[in-house]
């Protein structure tokens, strides 16, 4: 069986495993958060460019968001956030791998994260369902973009052990995601977007040391469907006031995330290093061509 056929078969198997979930509320929420979501994408793309495959940038990014996931897992009941989504211990094992066993001795919560946590405290005191607005967006992000970013890192570090065809499939998915981001930026008609037809980022299916934060043993489509059902069960029962508050807090997720992303260290260094390597490569090719034609 070819790589393409294997990918198609795996996708079909994943779809068969997932019980149908109505996407009407998901579309409504995505439409309501479209502008701030686009802004976040633009900030991330502009800031990171080539840097996310750099280990120091990657782990500092995990460190920046670690406290938020820990907060959700200690403040939300299991009926809103089932334990199979928990990431705190996986984050901590990754930090121990990269920073060393005593990483907590030098760890400090950065001001932007502290401000975020203080807001989450107020939200949790008001209504735990509004706190779920944050958790829903954050865990969905980890199961979407987080999967693709981790897999790209693993390929760059030669940790991804599967075929080159798998790398090509990842590239095709990245291109599809880029096309979708471009469509959003151009204010394409989101109302007509079939969310169920969107490309599913390739799931990280192996778990080397230091790569646990984005690893989910259960199939991502199954987990996403489970989280969407939790969302549907509650959002559908909201009155107009609570629904409006939920949407506003969902928008705040992206606003706060932008500020946290801006604190991630090592980005400029990593980007400059990769640009310098690219420049050296291009210069070498140009010189080689000039020498060849003399």
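Positions of Cβ are set from backbone N, Cα and C atoms, glycine also.
According to TrEMBL, the protein carries these features:
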BINDING   30, 37, 136, 228  heme b binding site
TRANSMEM  275-293  transmembrane segment
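Annotated features taken from TrEMBL, shown on the structure.
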{"residue": "30", "record": "heme b binding site", "Cβ neighbours (10 Å)": "17"}
{"residue": "37", "record": "heme b binding site", "Cβ neighbours (10 Å)": "20"}
{"residue": "136", "record": "heme b binding site", "Cβ neighbours (10 Å)": "24"}
{"residue": "228", "record": "heme b binding site", "Cβ neighbours (10 Å)": "20"}
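The record assigns 30, 37, 136, 228 to the heme b site; their largest pairwise CA distance measures 18 Å.
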